[in-house]
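In what follows, a structure is listed as structure tokens, so that the remarks can point back to it.
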Protein chains: 6
Amino acid sequence: MRPSHRQPAQLRPVRITRRYTRHAEGSVLVEFGDTKVICTASVEETVPPFLKGKGQGWVTAEYGMLPRSTNSRMRRESAQGKQSGRTQEIQRLIGRSLRAVVDLAALGERQIVIDCDVIQADGGTRTASITGAFVALVDAVNGLIAAGKLGASPIRDHVAAVSVGVFRGEPVLDLDYPEDSDCDTDMNVVMTGAGRFVEIQGTAEGEAFSRDEMNALLDLAEAGIAQLISLQKQALAT
Amino acid sequence: MRPSHRQPAQLRPVRITRRYTRHAEGSVLVEFGDTKVICTASVEETVPPFLKGKGQGWVTAEYGMLPRSTNSRMRRESAQGKQSGRTQEIQRLIGRSLRAVVDLAALGERQIVIDCDVIQADGGTRTASITGAFVALVDAVNGLIAAGKLGASPIRDHVAAVSVGVFRGEPVLDLDYPEDSDCDTDMNVVMTGAGRFVEIQGTAEGEAFSRDEMNALLDLAEAGIAQLISLQKQALAT
Amino acid sequence: MRPSHRQPAQLRPVRITRRYTRHAEGSVLVEFGDTKVICTASVEETVPPFLKGKGQGWVTAEYGMLPRSTNSRMRRESAQGKQSGRTQEIQRLIGRSLRAVVDLAALGERQIVIDCDVIQADGGTRTASITGAFVALVDAVNGLIAAGKLGASPIRDHVAAVSVGVFRGEPVLDLDYPEDSDCDTDMNVVMTGAGRFVEIQGTAEGEAFSRDEMNALLDLAEAGIAQLISLQKQALAT
Amino acid sequence: MRPSHRQPAQLRPVRITRRYTRHAEGSVLVEFGDTKVICTASVEETVPPFLKGKGQGWVTAEYGMLPRSTNSRMRRESAQGKQSGRTQEIQRLIGRSLRAVVDLAALGERQIVIDCDVIQADGGTRTASITGAFVALVDAVNGLIAAGKLGASPIRDHVAAVSVGVFRGEPVLDLDYPEDSDCDTDMNVVMTGAGRFVEIQGTAEGEAFSRDEMNALLDLAEAGIAQLISLQKQALAT
Amino acid sequence: MRPSHRQPAQLRPVRITRRYTRHAEGSVLVEFGDTKVICTASVEETVPPFLKGKGQGWVTAEYGMLPRSTNSRMRRESAQGKQSGRTQEIQRLIGRSLRAVVDLAALGERQIVIDCDVIQADGGTRTASITGAFVALVDAVNGLIAAGKLGASPIRDHVAAVSVGVFRGEPVLDLDYPEDSDCDTDMNVVMTGAGRFVEIQGTAEGEAFSRDEMNALLDLAEAGIAQLISLQKQALAT
Amino acid sequence: MRPSHRQPAQLRPVRITRRYTRHAEGSVLVEFGDTKVICTASVEETVPPFLKGKGQGWVTAEYGMLPRSTNSRMRRESAQGKQSGRTQEIQRLIGRSLRAVVDLAALGERQIVIDCDVIQADGGTRTASITGAFVALVDAVNGLIAAGKLGASPIRDHVAAVSVGVFRGEPVLDLDYPEDSDCDTDMNVVMTGAGRFVEIQGTAEGEAFSRDEMNALLDLAEAGIAQLISLQKQALAT
């Protein structure tokens, strides 16, 4: 029995709200149950130094949590003077996941910076971030097309992400915090609309896991991500 | 004529939403027009080292802006490895303003940390922060009373803040960003429910200002803060 | 009765010594009683990046205290790896105050950097810094004129600063450390030679203050700053 | 055809040299072909603050590369003032992988710190690090047993790691640098002696990968890790 | 011919002014010609962590330069966020030099922190710092004796320092900046009142130097330091 | 009697292994007994900003120790976020020593960066580093000549270094760690093949030293360095 009374293969209620704040070229509030993340996409007409003059663009991401998005207050990273290893891992993952579906040459010499800021956390912040960030990215790209700066979209496919894990011996989809903090195996899966894998990161928090368990987890993830991509499409259609 | 078509003495629409996120002991979304700040109050049963064993509590504040809360993206302070001078000034101001109405000895040896995070900026983020933070602080203190940890409230009075300034020659209340970035004088005023001053910070951005102008600005601020405190009381009554 | 036996409206003995060190384009030792600050003005023939190519100059300030300028030794900021929030607030205040009386376009594309270093502290270091820094700035500008690099001075007026406060119920001028650390209200006022306000920063350290108290403090400040500007003029005349 | 002329399922020559340097409780030079990493294990009779008094131990890891371990010189992280996100990801991975096979309660209140320093890099530094670090850890634990500080070993199983990837359309084992920098999918797999998974981190560097490709990669990894664990056993037997 | 027209074995005019600022337990302005350094000694009734409970004291030093103590403005180290390698070298040298003449066990479990801050630089700031710091240290120790906290002085001998170098082929004493920036060999020598060496740091800036040259430099240094120690004694006698 | 049973004037066994790692233009493992340092030379076709366009090259050095190169584990400098004062002193010394024998104008506008990384420490790491770094530098320069980028070598002479000290009253050559940590005087000497001095850094760790002791130490150093330079020549001849 899951603490939330969900079925093993059941996502939390997912909401994707576009145009959430007014300044960014793309601005999305994504909610996976009580996990809430603001994802903005900012278009900059420059590229990082290592890409200067190479005729291609870049998509990158930064991630943060409000200090009291969590159950007990975390120290503010700007006050500590550095980002934690966990923060850096997550923002690198978000950036790689989005770049996997973007034709960077077709984007032209410009950069899109995605900011994912968690305002309330209940597990799965990185997968919610990727899922919401994709929608913000589409909005920013559509703005470039509408402004005549791009002729066609450089985005080749959808991308979304979900966590899966073995909780009390059973594979389950979309872990919330009570499950995440008490599971044996935790896996984050990022997939495209075509059903191919972009990232798989599985960790045995307690017992190491078998090949059979991994296969069961991937089955759950595939089905969950298909639903998430369907929700992205609905959000983008409105 | 103000860009927003407001009267000189007219506040923007102000909304104070309590219980905005679920983990913090106090959590408020405060909106001054398009300026939106999440203010949370976190109770910690320790005090900073300089107060250890002195039999009194502490109230402090931290402030941040989401990178794309503004019109063009700002660099993330955690990625830069330090907080800007402006950020430090603002968080010191918020902390002093709140401490001015708290009996720190009556609070006991505990600390309340206020986090003010701007999710959308349109001028006046520091005054909105103080106004919202006070409500979050009251909620956190009431939780301590409800839990039997405090017998009576150590909060002695309300505190709220507003900006005033000389815009195109005319003193106006509650500057939004178009006014703030184009005014001659900008003043932030913090007052108590009893109508006394906690902080006055006036700066001549362009021309230096006269004593008469300052008096006109203070008149506007007094009236505006009285309205804000009335809105705080309404919010706390629901 | 003030600890120093001064009258409420009486400044400490103020001395302004020009050409105090030999390398800087302007070098002033300013003394407000036992508060002693070295203010140097350095001319640099470049501007900060945000002003490149805009046809105007810049005036900025940095502030520091020798570790044992104070009663108990402070940690050295360079050893700690960062400047405190207080230091940043003060150096931003000094810079804004000086820029308020300089025609930056007339200065041309160059920067004048003011360094204010406190060698002995007894309260009022920021107001002494502003008062002395102005004289160093004038010397540096006069050097540019003498060298034929500027045709006329871009300095439009004098600027000076003083602190005022409510000490044991009475408004007093130019707080020394024993007063500053034990007063209810502390206000720093920056004014021009024309008697207009550049900055007002008032803080209720203990009880919030009334409008009447504020008016009494401003009266003291106006008179005190007029004397300081007169002393600046004497110093510059020698 | 692989640049190294290896078969798809062929490891590079692997060497594990124990007692490589003389000060550490465990010191191993691990070589996967031209990739060479010094792994030391240091026993400290304290635990990190978050474990004080909890009656358990800790195993953690740090990772670094000599600036010229790579083809072009990298900036030294100590001179830059921070560790890169990649470095932090890797050292967190090494630590988690080792803790997965250690009974931390049985270790007692002490910490074993693993340092993995790459002196020459040719791809696969993180998997070589894990494989070598395990041997250094065993040596350190055996030293504790020999000294009478531990009655039995808290190490429950072997752990080793290898990279696999899709290079020019073909799944291959143990990528060297020319393969790693030109492959479509790169996966790092960490497994126990019992053939269970501790970590799987797969990334689509170019095209997203299918479930079939992933299965082929895991088959290669399982076989490769079995060989590596056999080599660990040989090394520990001498 | 030296730029200053001094004889090869001639010191610059040296002045040692005690009680220069009022807060520190020892406060000295030391001048070697145009080089001016404020040296303060602060007594702290604690020791650094590595000495806790070892029954001995510590003497340490910090060094800084005002940004415009030099001919062109240097960046402020606190604003840069770190001390330069040169600064750290110098402060370590000052600390070692002073500790060489102090019986740390006799000092008791307390620390004396020496701050050497250069307000005007013309070469030889580190040797002037050592020479002045010794006098400040004596004053601080005498204060401890006067307060009954120490029965006898733990200072065993005088210590002073001077630079020597080969300028245009000739060994000279006490290099000023024009000599220092254009000499072949630069050597800093620290000696005791008994004429023994505490530190010798010689560097060939241009041509490597011979044993004969080194001997000539040491002869100059011995004579110069004897004079400096005589001046310390005069200063302490007044 | 020395702990190692060496004669006072006897070096430890010294080995210089060229081509130790494969990527760097020069790569040397230098061993002074149990002290082992990897020295690499990296050629970069740029110069530091302060030399841009001046028609000369640069040689600089960085130094590090693996955390467990020492008897008890040191904190990793990259994890601490800064290099210690000791590290900076040593890398500055290595750089100066090498530049003393290089004609920087003849090197052309390029930089050679020397990295000295201690993998096992037993005293004398800085002198071993200089001695090994010189050989790596020669290899890198010879590579430039072989590639036709330099017509002749800009290296004018050999340079090598050794430590000497007064151990239990007797002057001895090439201190190992047990001697280094228990000696009265410790001196590092850097000399050229022509027998001239590049650097002398002598420190009285315990008792200050006499001129006679210094002369005895320099005699030992001269003889020791002559042997080291002979070993450099042998290594370069193979």
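One is the number of the first residue shown, and numbering goes on along the chain from there.
Quick reminder: no glycine exception, Cβ is built from N, Cα and C everywhere.
Using DSSP to sort the residues of the domain 'Exoribonuclease phosphorolytic' (C:10-140) gives these counts of helix, strand and coil: 42 helix, 41 strand, 48 coil. Among the features that TrEMBL reports, domain 'Exoribonuclease phosphorolytic' is placed at C:10-140 (among others).
Through the fold, the region 'Disordered' (C:69-88) approaches residues 63, 118-121, 177 of its own chain, all at least 6 residues removed from its boundaries and within a Cβ separation under 8 Å. For C:69-88, the entry in TrEMBL reads region 'Disordered'.
Here C:THR125 (phosphate binding site) comes close to C:THR35, C:VAL37, C:MET65, C:ILE90, C:CYS116, C:VAL118: these same-chain residues lie at least six apart in sequence, with C-beta atoms under 8 angstroms from its C-beta. Taken from TrEMBL, the feature phosphate binding site applies to C:ARG86, C:GLY124, C:THR125, C:ARG126.
Annotated domain 'Exoribonuclease phosphorolytic' per TrEMBL: C:159-223 (among others), in sequence order.
Apart from the site residues C:ARG86, C:GLY124, C:THR125, C:ARG126, the chain places the Cβ of C:TYR63, C:ILE90, C:VAL118, C:ALA121, C:GLY123, C:THR127, C:ALA128, C:SER129, C:ASN188 no farther than 8 Å from the centroid of the site's Cβ atoms, the recorded phosphate location. Spatially close to C:ARG126 (phosphate binding site) yet at least six residues away along the chain are C:TYR63, C:ILE90, C:LEU93, C:ILE94, C:ALA161, C:ASN188, judged by Cβ distances under 8 angstroms. Among the residues C:ARG86, C:GLY124, C:THR125, C:ARG126 said to bind phosphate, no two Cα atoms are farther apart than 13 Å.
The predicted model assigns the domain 'Exoribonuclease phosphorolytic' (C:10-140) a mean pLDDT of 97. For the binding-site residues C:ARG86, C:GLY124, the greatest number of Cβ atoms within 10 Å around a candidate Cβ is found at C:GLY124. The helix, strand and coil residue counts that DSSP assigns across the domain 'Exoribonuclease phosphorolytic' (C:159-223) are 17 helix, 30 strand, 18 coil.
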